[in-house]
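One structure below.
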Amino acid sequence: MAEICRVCMDISGKLVNIFDARRRTRVSIAEMIAQCTGFEVKRGDLFSEMICPQCYEDVKSAYGIRQTCEESHQFYCRVRDEGIEDALCALLEEEDWEISEDEDARIDSASAADDDGKSDSKKVAFECRECHKKYQRKGTFLRHMRTHMDGQSFPCPYCKRNFRLRVTLKAHMKTHNAAKPYECSHCAKTFAQQSTLQSHERTHTGERPFKCSQCSKTFIKSSDLRRHIRTHGSERPFKCSKCTKTFTRKFHLDNHFRSHTGERPFKCSHCPKAFAMKQHLKQHSRLHLPDRPFRCSHCPKTFRLSSTLKEHKLVHNAERTFKCPHCASFYKQRKTLARHILEIHK
């Protein structure tokens, strides 16, 4: 059986062992065959462990198509569940983790060749929708796409959202013009996509299905979990020039830096208050809204903020999770514990 190709059963003098670990592939030929066919492939199974050159090329091609289809399917699922901007940003972040220093050097060379127009004769696989530059390699293309994201902001003329890419702004603007058939049963807001409605409804129900395996924190969206997971990594490339703190994202560094400068650029349009962080302004702005869209599922109470609803729901929970550090008392809510400490232990 050693002289026969496992795939086509041809007899050839140039057969290659499918378990050969010396070949420059991230997965063995045996694993490629198993993934493409669904058959179990293992040493000593009494089948031939050899493959001919033509079948080897066919297996690599089939495996490549399978990988591409899987990656594309995952990306489209993210677009469906999270929107195009979060999906694209997640793709860029993941590629950034995978590119090594050696890969960076090769990408730089490839980028220079692309920019000089020396590679026009070769097949173009990726075209930038921002500036229409063309690239042959996915890594080069994604590296170029990041240049459009550095320091740029494209505001939506219909709402206050900002986007790092013009193409994601265009996709977002369609939501203002498109029909919004999906209505929230809690606050009557409508959405163009069912996935957006599902994410929104979690702000009412308090559901946070995406859990970090390292610290047990939970999140409403999978994109929020992915960003959080990066905080557990050892790499913290963004360093504060005023102190020794480091951060995994430039966004977090910018927020922290305002604690040194005292800058509060996010101003409320309803009152004189200003905030250092955009999310704090967003949370504050809801206090000016007349409606109280967050309704408790256990009683008739309604709230302006989802965080207030989450805190309130603890009242309906029999478990008392907040323990006083000074005595043996337990409380259902953090604010009740705080009141106890001020009144009894002050």
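Each residue, glycine too, has its Cβ placed from N, Cα and C.
Positions annotated as Zn(2+) binding site by Swiss-Prot, on the basis of sequence analysis: C5, C8, C52, C55. The domain 'ZAD' annotation in Swiss-Prot covers 3-79, and the record cites sequence analysis as its basis. The zinc finger annotation in Swiss-Prot covers 126-148, 154-176, 182-204, 210-232, 238-260, 266-288, 294-316, 322-345.
Residues in the zinc finger (294-316) partition by DSSP class (helix H, G, I; strand E, B; coil) as 11 helix, 4 strand, 8 coil. Each of the binding-site residues C8, C52 was ranked by the number of other C-beta atoms within 10 Å, and first place falls to C52.
For the zinc finger (294-316), the partner stretch with the highest count of Cβ pairs under 8 angstroms, out of 182-204, 238-260, 322-345, is 182-204. According to DSSP, C5 (Zn(2+) binding site) sits within a strand segment. Within 10 Å of the Cβ of C5 (Zn(2+) binding site) there are 20 other Cβ atoms, across all protein chains. Sequence-distant neighbours of C55 (Zn(2+) binding site) (same chain, 6+ apart, CB under 8 A from its CB) are C5, R6, V7, C8, D10.
The DSSP secondary structure for C55 (Zn(2+) binding site) is helix.
The DSSP breakdown of the zinc finger (238-260), given as helix, strand and coil counts, is 11 helix, 4 strand, 8 coil. Taking the mean position of the Cβ atoms of C5, C8, C52, C55 as the Zn(2+) site, the remaining same-chain residues with a Cβ inside 8 Å of that point are R6, V7, M9, D10, S12, L15, I51, P53, Q54, Y56.
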